[in-house]
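S.K.: Sharing the features that Swiss-Prot gives for it:
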{"type": "BINDING", "residues": "ASP25, GLN33, TYR38, VAL77, PHE107, ASP267, THR307", "note": "FAD binding site"}
Amino acid sequence: MVGDLLGLFAAHFAHLHGLNTIVFDSLSEVGGQPQMLYPFKQINDIPAYNSISGTDLIQKLKHDIKNETEIITNHKVVDVTKQSDGFIIDNIIYARSIIIATGAGAFKPKELPLKISDEIKEKIHYFVKDPSQFKNQTIGVFGGGDSALDLALEVAKYANVKLIHRRDQFRGLESNVKKLKSLKNVEILTPYLPKKIELINNQLDISLKKMGVEQLRNVQLDQIVVAYGFRANNRFAKKWGINLEQSNIPVDPTMKTNIDGIYAAGDVVTYPGRVPLIALGFGEAQIAITSIMRNLFPEKSLTIHSTSI
């Protein structure tokens with residue numbers, strides 16, 4: 001398994017079928033974006049959980065496989081060499097099959113498009129693991145998507161928030177927009193673009209330009225959280241000979257890529273009608289494991305799921 005939280009689930013489901021697995025993760029911790037980018041965020045699309053944080057979800061998945069699989073962190077898989085009946089991974093592991101579950105891939109944040117000194121950079125954040133670090137401060141949150149809205153709501157539990165977006169309309173859940181508008185310690189500034197940033201008396205002084213208006217507006221902030229999204233990169237797959245559509249991997253209904261023995265699941269994949277939901281990815285991981293079992297053991301009568309009679 002190569003990749004994020006779906007790799008953990010796929011390893012567990014593979015163990016149920018008697019397969020031996022290894023999970024590789026290029027990061028220092030397994031779990032992908034939910035663990036590294038927004039561990040405190042409440043995830044609402046997991047069946048049987050009304051709401052669960054990224055950290056709690058990862059911990060439950062890790063607990064399921066703690067005695068079932070080997071996890072190798074801080075290891076970016078570079079070379080995959082096809083053999084007659086399997087693959088050699090980085091000259092250290094032989095595997096009969098591979099599942100890629102890297103999500104959006106290696107992610108690099110889109111930065112605030114301003115000239116910024118090193119002193120100011122210390123007050124600008126692209127990752128927030130603990131929003132309580134902003135307690136009793138005034139924090140600017142830049143962005144208009146789901147991540148920006150989620151971050152603004154979490155930070156608002158501890159600080160005053162100014163949510164700054166270049167459009168009047170947000171690209172996140174309307175329910176979150178309504179929540180933010182109802183909070184007295186949240187000010188929504190739209191449609192504004194940041195034009196200049198300075199450090200004055202240990203505070204950030206941001207010059208904002210309203211769309212269609214020449215006059216600038218200045219706001220003072222203690223720190224800034226930038227949620228403009230991330231530049232994804234799954235180009236490693238191309239090196240392995242896997243076809244890509246932009247940054248995604250096309251798969252067939254069995255979750256197989258264009259290479260026999262290599263499968264993919266989660267937000268890394270693309271096919272008509274797919275939506276980027278964690279819950280959907282769990283099902284894709286199960287389909288991939290089932291396909292691997294049928295390929296490796298065609299003579300076996302396969303129990304597809306735990307509720308089979």
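In case you wondered, yes, glycine gets a Cβ from its N, Cα and C as well.
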S.K.: Please list, in sequence order, the residues in the chain of ASP25 (FAD binding site) that are at least six apart in sequence and whose C-beta is under 8 Å away from its C-beta.
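M.R.: Listed in sequence order: GLY3, ASP4, GLY7, GLY31, GLY32, ILE71, ILE72, THR73, ASN74, HIS75.
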S.K.: Taking the Cβ of VAL77 (FAD binding site) as the centre, how many other Cβ atoms fall within a 10 Å radius?
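M.R.: 20, counting other Cβ atoms within 10 Å of VAL77 (FAD binding site).
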S.K.: Return the count of C-beta atoms lying within 10 angstroms of the C-beta of ASP267 (FAD binding site), excluding that atom itself.
M.R.: 28
